[in-house]
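J.: I'd like to ask you about the structure that follows.
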Amino acid sequence: MTSQTQIQNQKPPINHREANSTTTTSATSTGRKQWSIHDFEIGKPLGKGKFGRVYLAREVKSKFIVALKIIFKEQIEKHGLYNQLRREMEIQFNLQHPNVLRLYGWFHDDQRIVLILEYAHGGELYRHLRKSGSFSEKQAATYIASLTQALAYCHEKHVIHRDIKPENLLLDHEGRLKIADFGWSVQLKSESKRMTMCGTLDYLAPEMVEEKAHDYAVDNWTLGVLCYELLYGVPPFEAESQKDTFRRIMKVDLSFPSCPIVSPEAKDLISRLLVKDSTKRLSLKEILEHPWVVQNAEWSQV
Ligand code: AMP
C-alpha cells in the first residue's frame with residue numbers, strides 16, 4: 001500500500017468524500033482523515049467476490065470493527081466497470097438506513113480500491129437459505145418487511161436497486177437484514193425511466209426481459225420473486241435454459257408446489273407482486289399493510 005502521505009498527494013480515483021465526510025460513524029469520525037491500510041488491523045477473510053476479497057478488520061485507534069473490501073483496479077479497468085463502481089459507491093455512501101449496509105468510506109493505492117464497510121456478522125442470506133432449504137413464514141415475512149422498508153427508503157431517495165436476490169443480502173449479528181450490493185442500482189433524476197437490462201436472470205421483471213423502459217416497480221417484482229424463493233427454496237420461474245426462464249417470466253407462469261405447505265395469504269402476496277403490468281403491482285406501502293406481513297413479521301427483528 002502507498003503511504004498516507006502519498007495518498008494525500010494523489011488525486012483519489014473516485015472523489016474526495018472520504019476525506020471530507022463528517023457524517024460517518026466512529027470508524028470515520030475523525031472527519032477530515034484520509035484513510036490508509038495502516039489504520040486497520042486486518043483479520044480473517046470473510047469472502048471472495050468477482051473483483052476482490054473482503055476481510056474482517058479493526059480500526060486501530062477506535063477498535064471499531066469493519067469489513068474491508070479490497071478491489072483490484074486492474075480488474076475494474078479490464079471489465080470497463082469503473083463508472084459502475086463509482087456509481088455504486090456514491091449511492092451506497094449516501095444511504096443511511098438500518099437495513100442498508102453502511103459504506104463508511106474508501107481509500108486507494110496504485111493497485112487497489114478499499115471500501116470500508118459495516119461488518120455483517122451473519123453473512124449472506126443465501127447461505128442460510130441453502131442450508132435450511134426454505135424459511136418459515138415468520139422468518140420470510142420478517143425479511144420481506146425489512147427489505148420493503150429499505151426499498152421504500154431507497155425509492156424516496158430516487159434509487160432503484162434492480163438486483164434484489166439472496167446473494168446480495170447480508171445479516172448482522174442480530175439476524176437483521178442488510179442490502180449489501182448496489183452494483184446495478186441507479187439514481188433517477190426525475191420521473192424518468194431506465195432502459196438497461198440488468199440484474200439476475202431469475203429475478204428479472206418482464207419489462208426488463210422485453211428491454212422496455214422500467215422504473216421503481218422492478219424492485220416490487222423482485223420482492224415477489226424473493227418471497228417465493230424464501231418460502232419454497234427455489235425461484236418461481238426457474239427453467240433449464242435462459243430462453244425458457246424468460247418465456248416463463250413473460251407469461252408469468254406462476255405455480256405453487258404442494259410442498260412445503262405455504263399459507264394462502266403468502267401466495268396472495270406473491271401473486272399480487274408478480275403481475276406483468278408494473279402499474280398494477282402492490283406498492284411498497286401495500287406490502288407492509290398486507291395481512292401476511294402484518295401477522296407474520298417479527299417487528300422487533302425488522
Ligand atoms: P462481494 O465481493 O461483495 O460479493 O463479497 C464477497 C463475500 O464476502 C460475500 O459473499 C460475503 O460472504 C462476504 N462479505 C462481503 N461484505 C461483507 C460484510 N460487510 N460483512 C461480512 N461479510 C461480507
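Yeah, the Cβs are placed from backbone N, Cα and C, and that goes for glycine too.
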J.: Given that TrEMBL lists Lys50, Lys69, Lys73, Glu118, Tyr119, Ala120, Glu167, Asn168 as binding ATP, which residue among Asp39, Asp181, Asp202 does it place in the same site?
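T.: Answer, per TrEMBL (ATP site with Lys50, Lys69, Lys73, Glu118, Tyr119, Ala120, Glu167, Asn168), from Asp39, Asp181, Asp202: Asp181.
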J.: Rank the recorded positions Asp163, Glu167, Asp181 by how many other Cβ atoms lie within 10 Å of each Cβ and give me the one with the fewest.
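T.: Sparsest of the recorded positions Asp163, Glu167, Asp181 by Cβ contacts within 10 Å: Glu167.
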J.: When you measure from each Cβ to the nearest atom of ligand 1, which of the binding-site residues Lys73, Tyr119, Glu167 fall under 6 angstroms?
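T.: Checked binding-site residues vs ligand 1; flagged Tyr119.
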J.: Between Asp163 (active site, proton acceptor) and Lys73 (ATP binding site), find the distance joining the two CA atoms and give it rounded to the nearest Å.
T.: 23
J.: How many neighbouring Cβ atoms, not counting its own, are there within 10 Å of the Cβ of Lys50 (ATP binding site)?
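T.: 9, counting other Cβ atoms within 10 Å of Lys50 (ATP binding site).
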J.: Might you list, by sequence position, any residue in that chain lying six or more from Tyr119 (ATP binding site) with a Cβ less than 8 Å away from its Cβ?
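T.: Leu56, Ile65, Val66, Ala67 - these are the non-local Cβ neighbours of Tyr119 (ATP binding site), listed in sequence order.
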J.: According to DSSP, folded down to helix, strand and coil, what is Lys73 (ATP binding site)?
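T.: SS state of Lys73 (ATP binding site) = helix.
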